[in-house]
Amino acid sequence: MGDSSPLLSNQSDDQNSSQYEYRHPLRNKNQIVNDRIEQCIGNLGWAQVFQCILVSFAWAFDAQQTFISIFTDAEPAWHCTSGTCGSDICNIPSGATWAWDAPKEATIISEYGLQCANSFLTGLPASSFFIGCLIGGLVLATLADSWLGRKNLLMISTLAMSLSGIFTALFSKNIWIYAFLRFVSGFGRAAIGTCSLVLATEVVGKQWRGQVGVIGFVCFSFGFLSLPGIAFLTHGSSWRELYMWTSAPALIYCVLVFVFVRESPRWLLIRGRRQEAMDALKNIATLHQSQLTLSFFGEEEAPRGDDTDVYSAMRVLMSRAWALRRLVTVSVMCVGIGVVYYGMPLALGNLPFNLYLSVTLNALSELPGSFLTFVLINRLDRRVAVVGFTLLSGFCSIMVVVVGSFEQLMLLQVGLEILSFLSAVSGLNLMLIFTIELFPTCVRNSAVSMARQALVFGGAFSPPLVAAGRKNPFIAYGVFGVVIAICGMFAIFLPETRGTALADTMDEEEDKAQKLGSFWATH
């Protein structure tokens, strides 16, 4: 039998709670549905574990396409073949000749002859990817909360990202086509992480949602970690092979999602699709299936969302002052984290280390970051943990600049860079779970999606900072540290959510916050 403890506990000896429920009869309807859902999925069964792992694996493909430009857009090494060439490839003296160390097709810089192009042109593909992420996030943000649902949008987004990667390998005849296809890839992948995270956490009981949320972060880490390995194996061949090896497997993944993944029963219930919700629960519930009928939820209607069209979730978020305040605060924090999270890997070329090794070490640091999240998720308050990790990341990032002026402390500089990135990863993982708990089901996917777009928006500032940091290290690592430390402090303006239940509607979230006495939740 599943855990029947209600999502919103109703203490009989709490006089204020009783009076509050009398004034808000809608809460009783929400309580019935929440109790029943928790009873069905409170215990973690193998069907839930399988679904959580499968939907979370999309993060691996997401990581590969996010960081693939570290290798495909890099400037390869070159050497002088005759005469004296100097150190500037764009100012070779007459009579001297040079050649690339690797084949011409190794990266887009050598294939398209961009070694002397301006920074705008060489950075256009990466910038196009981030712009695609931002626009895709705005366009796709509410579809998972409205008519498409979590599963369908996850599958469509992964398919779009995969096909754009394959098309990039096949049809990129020049930098302009390549940049356009990178934009399409960014547009498609914008919803993957959000849908995966929300879908995984909505099919398990409240005591497990933090742990299953970490599965996606681990998959992202393995995806990132696999990238330098694949790049090393394809080293010496065309950059197009790297796109093919990272994009084609995602097509098979889309088929597996279509066949084996079930839609979130919470989302189906708030959309009024009770029979489909029951079918989904029968596939993942730990409760005996004979007890799962429509009457299991009683005669009360399930809590419904505030509206039904595509952009209803965004309108609902904007119409409630407390929800808008939470969204703005979360977005500011994610901008600061994004600057470091995306900027650190891009800035690795500024450090005097092997690119493959440094990327591998950064990718490896994501694993202990996910482990820390798993260990601390039920032990530390969300606000304390996020503030602590962002401050540590900021401090270490600034120290990278300080230590970098001493050649004998080179290894310490690498250690500080890795620790800064690890702290940013841990802060990001906790921040995403924190965001899930701050918003109800009817707008949760939209809120998490907006938070992720804020993360990407912060990342969009990283490339110019990294470029400027080649001459002045403080512009890169120093600014990274200051920004993440300041933005992380905004967590003090959010209500604590550790140990609280997931709400389904905006009214229920307000009820929960007022019952818990949270000033920041509704003011």
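The first residue you see is number 1, and the count goes up from there.
Cβ atoms here come from the backbone N, Cα and C positions, even for glycine.
Listed in TrEMBL:
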DOMAIN    48-499  domain 'Major facilitator superfamily (MFS) profile'
TRANSMEM  120-141  transmembrane segment
TRANSMEM  153-171  transmembrane segment
TRANSMEM  177-200  transmembrane segment
TRANSMEM  212-236  transmembrane segment
TRANSMEM  242-261  transmembrane segment
TRANSMEM  323-343  transmembrane segment
TRANSMEM  355-377  transmembrane segment
TRANSMEM  384-406  transmembrane segment
TRANSMEM  418-439  transmembrane segment
TRANSMEM  474-494  transmembrane segment
Contact check, the transmembrane segment (242-261) vs the transmembrane segment (153-171), 3+ Cβ pairs under 8 Å, seq sep 6+: yes
Of 120-141, 323-343, 384-406, whichever stretch has the most CB pairs under 8 A to the transmembrane segment (474-494): 384-406
Chain residues in Cβ proximity to the transmembrane segment (212-236) (below 8 Å; excluding those fewer than six residues from its ends, i.e. six or more beyond): 48, 52-53, 56-64, 67-68, 70-71, 102-103, 106, 193, 196-197, 200-201, 204, 242, 245-246, 356, 359-360, 362-364, 366-367, 369-370, 373-374, 377, 425, 429, 432-433, 436
Paired segments the transmembrane segment (418-439) and the transmembrane segment (153-171) in contact, 3+ CB pairs under 8 A: no
Considering the transmembrane segment (153-171), which listed stretch of 120-141, 177-200, 323-343 counts the most C-beta pairs under 8 Å: 177-200
Remote residues contacting the transmembrane segment (384-406) - C-beta distance under 8 A, at least 6 residues beyond either end: 333, 336-337, 340, 344, 376, 412-413, 416-417, 419-421, 423-424, 426-427, 430-431, 434, 473-474, 477-478, 480-489, 491-492
